[in-house]
Amino acid sequence: MEAVKNEINHKIDLVKLGLPSRELFRFDYGKAPYPPSPFESDFLTSIFIKSMHVATPMTIALVYFSLVHFINPKILDRQIRVAARAGDGKSVKSNRLPAAPFAIAKTWFFKMFVIIHNAFLCVYSVWTFVGMLATINSSKKLIRVNFEDYNFKFESNFQSFFQSVCDVDNGLFNMNLPVNNLLLFGWLFYISKFYEVLDTVIILLKGRQSSLLQSYHHAGAMMCMWAGIRFQSPPIWIFVVFNSFIHALMYFYFTLSCLKIKVPTLFKRVLTSMQITQFVVGGSLAMLHSFVYFTDLSTNTLINCISTPDQALPLIINVSYLTPLTGLFAAFYVESYLKRK
């Protein structure tokens with residue numbers, strides 16, 4: 001043990017940058033066992049295990065996406081009929097059709113449900129964001145203590161941060177953290193992606209079509225979060241932290257709108273810009289993980305932050321998903337804030 005300590009004492013770069021490992025480019029996926037359940041309850045553990053099966057998010061995502069684009073033409077016909085009855089030929093020609101809400105969307109119960117739905121997601125997103133910051137901070141402190149046992153102190157926050165992010169056993173996924181770990185926050189965030197489908201249901205019931213941007217966004221998020229938690233890929237913290245922050249603002253705005261509180265257009269424009277920024281910055285930061293090497297204390301060797309093909313798979317899925325999503329959001333920004341001027 002003393003020999004290991006002395007060896008670490010002389011090691012300067014416990015975290016450093018380098019080229020991605022060649023192991024990442026092997027098409028050898030699905031070998032990793034399921035992550036341990038973050039729950040003590042047998043019932044919750046059984047739900048956790050079932051949710052880790054690839055068939056769960058894939059089936060829900062495909063059914064959701066297919067149903068939305070099956071229903072959209074029917075909503076369009078309904079909108080055209082409403083515009084025709086109102087004698088609004090200009091709306092039909094300009095493709096800016098009025099909403100054709102269903103009867104339930106006009107009820108007091110529905111309106112209250114929408115307010116509660118948005119307020120709940122706002123509060124949940126804030127809880128997740130604040131909780132993840134606490135998890136990152138706690139993990140960094142624990143990592144520092146572990147290294148101090150070997151008479152080493154990190155020279156920078158960069159080193160301690162990436163050590164806590166990349167070390168799955170002792171970092172953010174650590175089951176012994178004094179606060180909730182990334183496995184719990186990440187799994188709940190993954191499950192929340194199924195609940196967020198209600199956003200689309202609300203839009204359809206209000207008599208408006210669901211855009212490709214929204215259906216692609218929701219369906220893809222299910223698969224991205226599943227992959228990150230299923231394979232405990234280090235960069236998944238980015239999805240949880242960045243997205244929970246943006247969602248806190250977004251659902252806060254939706255809640256205010258439901259309460260008929262006027263929100264400046266500038267806020268909506270800035271929010272869309274922030275969404276685009278999170279995709280670009282988040283995707284770039286995720287790819288940076290494949291260039292980071294951290295120290296495995298059990299072997300006293302530097303290993304890649306993305307050390308297996310299974311950990312690389314969520315990175316590939318997320319970056320592949322974010323590329324067209326960024327384009328869709330950019331097109332929405334142009335259509336909503338530039339062309340309408």
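Backbone N, Cα and C atoms are what each Cβ position is placed from, and that goes for glycine too.
Keep in mind the model is a prediction, meaning the values are calculated, not measured.
What TrEMBL records for this protein:
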TRANSMEM  47-71  transmembrane segment
TRANSMEM  112-136  transmembrane segment
TRANSMEM  182-205  transmembrane segment
TRANSMEM  212-229  transmembrane segment
TRANSMEM  235-256  transmembrane segment
TRANSMEM  276-295  transmembrane segment
TRANSMEM  315-334  transmembrane segment
Contact call for the transmembrane segment (47-71) and the transmembrane segment (212-229): at least 3 Cβ pairs under 8 Å, seq gap 6+: yes
Stretch in 112-136, 182-205, 235-256 most in contact with the transmembrane segment (276-295), if contact is a CB pair under 8 A: 235-256
Other parts of the chain folded back onto the transmembrane segment (315-334), taken as Cβ under 8 Å at six or more residues beyond its ends: 211-213, 216-217, 220-221, 223-224, 227-228, 233, 235-236, 239, 269, 272-273, 275-276, 279-280, 282-283, 286-287, 289-290, 306
